[in-house]
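Asks: Below: one structure in structure tokens.
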Amino acid sequence: MAMWLKNGMSFNENGQLVRTHIKIEHGNIAAIHHEQLFEANGEDVIDVGGKLIAPGLIDVHVHLREPGGEAKETIETGTLAAAKGGFTTVAAMPNTNPVPDRKEQMEWLARRIQETAHVRVLPYASITLGQKGEELTDFAALKEAGAFAFTDDGVGVQSAGMMFEAMKRAAALDMAIVAHCEDDTLKNGGAVHDGDFARRYGIAGIPSVCEAVHIARDVLLAEATGCHYHVCHISTKESVRVVRDAKRAGICVTAEVTPHHLLLCDEDIPRLDANYKMNPPLRSRADREALIEGLLDGTIDFIATDHAPHTAAEKAKGMEAAPFGIVGLETAFPLLYTHFVKKNVFTLKQLVDWLTIKPAQCFGLQTGRLEVGAPADITVIDLETEEPIDPETFASKGNNTPFAGWRCQGWPVMTFVGGTLVWEKGRA
């Protein structure tokens, strides 16, 4: 049955925020009316009361932990967290147990997603068997089984020869290589950034060059192979410079940045709180400023959360022993809206684009836009109500966030996937 969302606000084709009414039918957007009145002909009508109607948000960097890490997260809980955060499409990283490195595992994952996911899930396949960096997977078979792209995220592919061959195979299949960039010989056994915080507490630090050197190697390999090479969670000013230079040279490279690297630097870490431990680590203030500049000038293409849930017991082990990672799906939009749009650093249109159409364009997705005929993946967002971030209310199994207590506006209140309401604020 058809349905209308009425009295919302969305961006028209000229980038202006205007009153909007959207008709949803057969899972797609059937009509969009701006300003003018419309008459419902027996269809259900939801009055969104002037709230923002945005395309469903897209996150291409999420750890759902299943299979093997169900104590931290499952496909069901992680995708419910995604829906609560306004995300209608997420891409699931392959650092699970077992790793989706064979056709049979990819097929199992596809079935599990079909059975339990609340939103669309795009599964990554690994570049190497077991993510061990020793032997390449069967890219063609994994693509046939539904792989979204190839990555060994969580570790960097250390062998240049291995990465070169991976890029050649990916390019032949018109698939992307998505890279976690760390040179293991430069990691220094670090738990935080190699900066003032590390020196103050006597903790081994991860130097910026560890990431930038790896990216520099890979962009040259991408140039040689013609592969689409995507940089995960870029974090340093040197890395931004390398990607900027590569784009100017016409190399097919894209990059993402996380909300936490835009919002925080190592100066913000209070004592030895492991909820501030992630990889890459929070870098310097100069790095943070370079990331913001890189996002604004197009060097960095979009924002992705790197949602990485862990148990409370794991994070209680302290800064050096606790695992890397924080959750992000339920806090990304409110944090970015409150601390960048409300402060006139970003425009609302820029923020929405970085979380929707930009990742969709980078990876050739059909979602991420409000257009007649497009899938009705839609998020309704309340830009006015201010609430604190409360980890105890998270849908995710993980509550490992450095943003507890931060007061934010810009909270999603309804999320639709293919025209179906999958989450609504206040509804059990």
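Cβ atoms here come from the backbone N, Cα and C positions, even for glycine.
Pasting the feature list from Swiss-Prot:
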- HIS61, HIS63, ASP153, ASP306: Zn(2+) 1 binding site (BINDING)
- HIS63, LEU64, ARG65, ASN95, ASN279, HIS310, PHE324, GLY325: substrate binding site (BINDING)
- ASP153, HIS180, HIS233: Zn(2+) 2 binding site (BINDING)
- ASP306: active site (ACT_SITE)
Asks: Measure the Cβ-based neighbour count of ASP153 (Zn(2+) 1 binding site), defined as the other Cβ atoms within 10 Å of its Cβ.
Replies: 20
Asks: Which of the three DSSP-derived classes (helix, strand, coil) applies to HIS61 (Zn(2+) 1 binding site)?
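Replies: It is in a strand.
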Asks: Write down the Cα-Cα distance for HIS180 (Zn(2+) 2 binding site) and ASP153 (Zn(2+) 1 binding site), rounded and given in Å.
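Replies: If we compare the Cα positions of ASP153 (Zn(2+) 1 binding site) and HIS180 (Zn(2+) 2 binding site), the gap is 5 Å.
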Asks: Using C-alpha positions only, work out which of the binding-site residues HIS61, HIS63, HIS180, HIS233 is nearest to HIS310 (substrate binding site).
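Replies: Looking at Cα distances from HIS310 (substrate binding site), the smallest one goes to HIS63.
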Asks: Among the binding-site residues HIS61, HIS180, ASP306, which ones place their C-alpha within 10 angstroms of the C-alpha of GLY325 (substrate binding site)?
Replies: ASP306
Asks: What whole-number Å value do you get for the CA-CA distance of PHE324 (substrate binding site) and HIS180 (Zn(2+) 2 binding site)?
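Replies: PHE324 (substrate binding site) and HIS180 (Zn(2+) 2 binding site) have their Cα atoms 13 Å apart.
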Asks: Determine, to the nearest whole angstrom, how far the Cα atom of ASN279 (substrate binding site) is from the Cα atom of HIS61 (Zn(2+) 1 binding site).
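Replies: Pair distance, Cα basis, whole Å: 13 Å.
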Asks: Determine, for the Zn(2+) 2 site, the additional residues of the same chain whose CB lies within 8 Å of the mean position of the CB atoms of ASP153, HIS180, HIS233; present them in sequence order.
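Replies: Filtered neighbour residues, in order: HIS61, MET93, THR151, GLY154, VAL178, ALA179, CYS181, CYS232, ASN279, ASP306.
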Asks: Among the binding-site residues HIS63, ARG65, ASP306, report those whose Cα falls within 10 Å of that of HIS180 (Zn(2+) 2 binding site); none is a fine answer.
Replies: none
Asks: With every protein chain in view, how many other Cβ atoms are within 10 Å of the Cβ of GLY325 (substrate binding site)?
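Replies: 23, counting other Cβ atoms within 10 Å of GLY325 (substrate binding site).
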